[in-house]
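According to TrEMBL:
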DOMAIN    B:36-594  domain 'CstA N-terminal'
TRANSMEM  B:12-29  transmembrane segment
TRANSMEM  B:120-141  transmembrane segment
TRANSMEM  B:161-186  transmembrane segment
TRANSMEM  B:192-212  transmembrane segment
TRANSMEM  B:249-277  transmembrane segment
TRANSMEM  B:284-303  transmembrane segment
TRANSMEM  B:323-344  transmembrane segment
TRANSMEM  B:365-388  transmembrane segment
TRANSMEM  B:467-485  transmembrane segment
TRANSMEM  B:513-532  transmembrane segment
TRANSMEM  B:544-569  transmembrane segment
TRANSMEM  B:576-597  transmembrane segment
Amino acid sequence: MTNWLRPFRAARRMMQAMVGLPSYDAYLAHMASEHPDREPMDYRSFFRDRQQARYGGKDGGRCC
Amino acid sequence: MTSSRSIARHLPWIAVAGLGALAAGGMAIQRGEQVNALWLVVAALSVYLIAYRYYSLYLAHSVVGLDPARATPAVRHADGLDFVPTDRTVLFGHHFAAIAGAGPLVGPVLAAQMGYLPGMLWLLAGVVLAGAVQDFLVLFISMRRDGRSFGELIRLEMGPLAGTIALIGAFMIMVIILAVLALIVVRALADSPWGMFTVAATVPLAILMGVYTRWIRPGRVGEVSVLGLIGLILAIVYGQTIAENPATAALFTFSAVQLCWILIGYGAVAAMLPVWLLLAPRDYLSTFLKIGAIVALAIGIAIMQPELRMPALTRFVNGSGPVWSGALFPFLFITIACGAVSGFHALIASGTTPKLIASETDARFIGYGAMLAESFVAIMALVAASILDPGVYFTMNAPTALLGTTPDSAAAAVTAMGFPIDAATIAQTARDVGEHSIISRAGGAPTLAVAMAQIFSHVVGGKAMMAFWYHFAILFEALFILTAVDAGTRAGRFMLQDLLGLISPRLKDTQSLAANALATVLCVAAWGFFLYQGVTDPLGGVNTLWPLFGISNQMLAAVALMLGTVVLFRMKRQRMAWVAMAPAAWLVLCTGTAGLLKLFSADPRVGFLAHAAKFRAAAADGELLAPAKSMADMQRIIFNDMVDAALCLLFLLVVVSILLLAIRACLDALRRDAPSAHETAVAA
């Protein structure tokens, strides 16, 4: 695909990783290859699920 | 042939070492005149590169034996959610964003009272031999055990008693961290309507962002962060208008005590709101702002190439300093907490990161490398504090008990310390950054903000922009501290519920609203107590709370390194265990000495018990000592001292008992013929 978009994609992925949001594409790829029988979450549900997992649990502690 | 090639491989690294030696040598020769900050930065970077290339390779290959063929938890448990094999550069960003906080920025600023040299040396030696080793080892240990958490790892390798003790220790550390972080915000925002308005504006701003990511454009993190950033800039700009109008300024002017209560109330409410509404969106803003500000600071220092105006060593190395009390050993090593070694990273390195590592060998870059980057942030903070006029530095960081409250009294007091400054300079500096006063703004954050304002305004905007940049820097620090307070209160609540569950299982039920509310209130009350005590302390509070924080954080690091030692013994690699034992021993020595001095030193400025005795004696004679205005105040101060002393004692007990349990586990491992580490078995 268009090469000039690649740095922007990489920057976006990095920003998402910094706030603990995993890649949705990787999730879809995982579901397609491992659980083709199951319906994957749509992006909205995926985002909410990950937001709750990051901030709602014990791992919420940020460093000093 | 091969040998000449293998020597050639080391040539670039010899060049890096030469550059580092040149930079350090340059600094040594120029002692006595002002040294350019770039020398310090170059020397630090050279040390990091060499340490990464050689020492971390030794750790990764020889000490623990990272095995690229061994499947990581991310591969074995891949679920696309918690366990995802992640590109190592991306994961580095994730891990660095999680470990970098206020600590590496504040500690070096406070340590600068002894001059830049002691701080610089400990930041470099500490990170290479202790801090980065700890982060790497914990990451490695957790990665080999399905990404288990720190408490679970201790229980697994050292037994249930050690696990529970570590859990209690970690909770108390959390309480102290939250109190000290909140204190920094209070000191930065007290009587500063401009700062207060911009920080207050982030709450409705974050809520709008939360609504946006929840319903309007779900999950568009980048988009909403750009909108949030625009909102922040508007808040800073309008903050000036608010502060210049006396009527609106009054609405946002709060005393330190009022701010203390506002923060306590805020912490309790924020920790019970749904995470998407306030916590998550503000975390997006604070994370990006933090990373952006760190990068901008590095670029700014490179462009400005400022001179270090702080002497290499000040006369306060003897322990008579106004910012914090105590001599270089052990208190410098307690004060520079996170940039050199931070026990809290053990919790992060056993959190989400080990579940995302794609290949075992990445652990070196992520565990060791990210900590070097954190240390570099601390070096930049040290540079920032050291390029300020030392007179301004001590005006901002010495307590009002020494300085008084007017520029004239402060100028006289600081000049008497040996750092000449006149009242006009103090007043002008305050005007430049758009504040009424810079006197005794302890806590590190405002000092750093003045320095960042000087650096940024040199690059963009000149003197006219200085007030904007000052409030930008205050906002950036306050924003991520508030995020930490909110997230930390939640995490503390979970820790407390785990502990309360040992008493009554019903209190552990995280679904029960009553149990949650009880644990939240207890957690907020715990840090609120120390915050209030710090805010009302005539010596600024930093003097009391920061050493407690430093001691607890370094002790947790010692515990983490002891875990590393035990695991190496259990792996039958005890011959290499010195990499963890040596820094653990040093940290036990530093924190043990500091803890004992804090308890038993006869100097009431250092020892809690001596301070209590002084107040008790005065109270018995019917005298009042500042800040007490009544006998009830006197009693409260004595009570606070006793609580601080008890906490210090508790930390000492935690570290001594973990030390004994670690020795027992090592002896147990030695007696066995086969490795006894509890690594998750992986099919070959």
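Using the three backbone atoms N, Cα and C, a Cβ is placed for every residue, glycine included.
A quick note: this is a predicted structure, and the numbers were derived from the prediction, not measured.
Beyond the ends of the transmembrane segment (B:365-388), by six or more residues, the same chain brings 37, 40-41, 44-45, 48, 51-52, 56, 59-60, 88, 91-92, 95-96, 99-100, 104-109, 111-112, 116, 119-120, 123-124, 126-128, 131-140, 294, 297-298, 301, 306-310, 336, 338-340, 342, 345, 349, 353, 357, 447-448, 450-452, 454-455 to within a C-beta distance below 8 angstroms of the stretch. The transmembrane segment (B:120-141) shares the most Cβ pairs under 8 Å with B:323-344, out of the stretches B:12-29, B:249-277, B:284-303, B:323-344, B:467-485. Among the recorded stretches B:12-29, B:161-186, B:249-277, the one sharing the largest number of Cβ pairs closer than 8 Å with the transmembrane segment (B:544-569) is B:161-186. For the transmembrane segment (B:249-277), same-chain residues at least 6 beyond its ends with a Cβ under 8 Å from one of its own Cβ atoms are 178, 182, 185-187, 189-194, 196-197, 200, 207, 210-211, 213-214, 242-243, 482, 485-486, 489-490, 493, 516-517, 520-521, 523-524, 527-528, 531-532, 535-536. With a threshold of 8 Å between CB atoms, the same-chain residues lying at least 6 positions outside the transmembrane segment (B:284-303) that come near it are 37-38, 41, 97, 100, 202, 205-206, 209, 221, 224-225, 228-229, 232, 376-377, 380, 383-384, 452, 455-456, 458-459, 473, 475-476, 479-480, 482-483. It is B:467-485 that, among the stretches B:161-186, B:323-344, B:467-485, B:513-532, forms the most Cβ pairs under 8 Å with the transmembrane segment (B:192-212).
Counted over residue pairs 6 or more apart, the CB atoms of the transmembrane segment (B:576-597) and the transmembrane segment (B:323-344) come under 8 Å in at least three pairs, which marks the two as touching. Between the transmembrane segment (B:323-344) and the stretches B:12-29, B:161-186, B:467-485, Cβ pairs under 8 Å are most numerous for B:161-186.
Within the chain, the transmembrane segment (B:467-485) has long-range Cβ neighbours (under 8 A, six or more residues past its boundaries) at 101-102, 105, 177-178, 181-182, 184-185, 188-189, 192, 194-195, 198-199, 202, 232, 235-237, 239-240, 263, 266-267, 270, 279, 282-283, 285-287, 289-290, 293, 432-435, 445-446, 448-450, 452-453, 456-457, 460-461. The list of residues near the transmembrane segment (B:161-186) in space but at least 6 beyond its ends in sequence, with Cβ under 8 angstroms from a Cβ of it, reads 102, 106, 150-152, 154-155, 199, 256, 259-260, 263, 267, 343-344, 347, 443-445, 477-478, 481-482, 484-485, 488-489, 491-492, 495-496, 498-499, 502, 523, 526-531, 534-535, 541-542, 545-546, 548-549, 552-553, 555-556, 559, 647, 650-651, 654-655, 657-658, 661-662, 665. Restricting the average to the domain 'CstA N-terminal' (B:36-594) gives a pLDDT of 94.
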